[in-house]
Amino acid sequence: MGLYRVRVSTGSSFCAGSNNQVHLWLVGEHGEAALGWRLRPARGKEVEFQVDVSEYLGRLLFVKLRKRHLLSDDAWFCNWISVQGPGASGNEFRFPCYRWVEGDGILSLPEGTGRTVVDDPQGLFKKHREEELAERRKLYRWGNWKDGLILNIAGATINDLPVDERFLEDKRIDFEASLTKGLADLAIKDSLNILTCWKSLDDFNRIFWCGQSKLAERVRDSWKEDALFGYQFLNGTNPMLLRRSVRLPARLEFPPGMGELQAELEKELQQGTLFEADFSLLDGIKANVILCTQQYVAAPLVMLKLQPDGKLLPMAIQLQLPHKGSPPPPLFLPTDPPMTWLLAKCWVRSSDFQLHELHSHLLRGHLVAEVIAVATMRCLPSIHPMFKLLIPHLRYTMEINIRARTGLVSDSGVFDQVVSTGGGGHVELLQRAGAFLTYSSFCPPDDLADRGLLGVKSSFYAQDALRLWEILSRYVEGIVSLHYKTDESVRDDIELQAWCRDITEIGLLGAQDRGFPVTLQSKDQLCHFVTMCIFTCTGQHSSTHLGQLDWYSWVPNAPCTMRLPPPTTKDVTLEKVMATLPNFHQASLQMSITWQLGRRQPIMVALGQHEEEYFSGPEPKAVLKKFREELAALEKDIEIRNAQLDWPYEYLRPSLVENSVAI
């Protein structure tokens, strides 16, 4: 009993306010009090009022709210509700919401302290947890876009998504406006150049968007250089393929007269400076047919050497795997005629485009993040500390992935229109790539060690990924230590165990065979797993997303398709190169989509900078503050390093890393 001060915060996005009336109740350990009709929430506003409660409530557990309407349901986006009392000396309790309130049902918001099942011995929150998860499992159902692929949220369109997973209006308007602009520019360029005959590589300037990326302009000017070709395996938009050679690849057969090359490769191998990029995953993938014209896919192997100055230079390129009973395929060398060597590198870059966009970016970034998001919503109630830790890193992931499945990789989507693996090959590639989703490959300390990239001073991706992983790991450990005092408390958390199992066994289709845990047996194992989840949704995605505009804007550096088969001889002319690279329309659409998806997003939340406060109490806030301080220190270190580099690496710079897979 006594006077309570109540504050209610409404979101700032368009349509966040409501004309409907909201009714509130306070629920404590010893009683419940109705506060009456008190407010019509206004967008971006915080409403405060005081109310005298006659009942003795004890410690507050919930705020219940109900929105009532007479004519139409006007959804309300509630940020949080704060209650202080009884009296001026009473405690303040924060009740996080950060969701849409629709209909006229009663919504219960638990106080913001993170609590596991073990933390609730009296069962004060037991019913709420069970009812919330039961409702969530109806809303968040597993779906299967294509047989053989990891699972996704059920639903074919954005309207099938739970409302809380959809873009807020400001994000939706920006995304759709950029798409409209890109398609309009594409239509204009198509109409102006429909009869244009492409004769030289400089003709690609006609569809190149100057002023969008300084780095892209440098790529256009330097893309033919071997040093830049090798650099992209270390620090480009797909740093996930390169590995240090421990033996010469079995597929590397030497045609007659290649003894000197073999000796050079053996020498680099013995010195530990031989690296390889193997695209065997593309072997046998069905190539697209675009407007009745056959396209082509290759499965190259690139052998590279790391020089003392840190440059990674190509030594040989094999464009296709050898076949039993046939002569070894040709090996293309830097000493070949310039056009021959350039075309071989273009084939590698086109193959890298396919593996990057489908395997490294879509599958390992977007789709795995979606598995984490769906499992989190199905298994962890909003009061659970791991839900509170993870939820800022899952924002918008389900909608952006549905947009990808209905626009990019759908039937008649962008891949079918202009990409050589479209028309079904892209689905086959995703199915194959699932076998390579190993747990260790999602954890940079393990992945970089496995690929032999630790200690490579010119691999700025490796350096920044390790730093970011360590910072995330300390952040996760800080939160975990507040809520799990022993390994036994981890093992006894049935919600946590169900979440882990849902990710590994259900969403990832039995990934325990690939090293993913089915149960979490210790605090250390929990920290490692949660760090992996957050890194996947932040740094891992950003490292394969942010570079698209820089490296794919100049189409010859990353051709979306190839219109002639890979060369089998070395008599290559400029005419053959131009006939192989994408035509005008294909190149224009690649440029348009690259701009839309690769541009710096005007509406984004940088890593760790989310405004939502899901935790109550000073301890979690102190952990988050420390996390932000460490991110700021990393930001400064990267800034200082990049100032000394000819080609700055920024794709893991914390201010550019998005807090979730949202684009």
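Each residue, glycine too, has its Cβ placed from N, Cα and C.
Sequence annotations record features per position, and here Swiss-Prot assigns domain 'PLAT' to 2-115 based on sequence analysis.
Predicted-model confidence for the domain 'Lipoxygenase' (116-663) is 96, expressed as mean pLDDT. What Swiss-Prot records for 116-663 is domain 'Lipoxygenase', and it gives sequence analysis as the kind of evidence.
Under the heading Fe cation binding site, Swiss-Prot lists HIS361, HIS366, HIS541, HIS545, ILE663. Its Cβ taken as reference, HIS541 (Fe cation binding site) is surrounded by 25 other Cβ atoms within 10 Å in the chains shown.
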### Query
Other residues with Cβ within 8 Å of the Cβ centroid of HIS361, HIS366, HIS541, HIS545, ILE663 at the Fe cation site?
LEU362, GLY365, ILE400, SER542, THR544, VAL661
### Message
Let me check the 10 A CB neighbour count of HIS361 (Fe cation binding site). How many other CB atoms are there?
### Response
24
### Message
Can you give me the same-chain residues 6 or more apart in sequence from HIS366 (Fe cation binding site) with a CB-CB distance under 8 Å?
### Response
THR397, ILE400, ASN401, ALA404, HIS541, VAL661
### Task
Give the sequence-ordered list of residues that share a chain with HIS545 (Fe cation binding site), lie 6 or more positions from it, and have CB atoms under 8 Å from its CB.
THR237, HIS361, GLY365, LEU597, GLY598, TYR651, ILE663
### Message
Quick check: in three-state DSSP terms, what is ILE663 (Fe cation binding site)?
### Response
coil
## Note on the structure
In all the protein chains shown, the tally of other Cβ atoms within 10 Å of the Cβ of ILE663 (Fe cation binding site) is 23
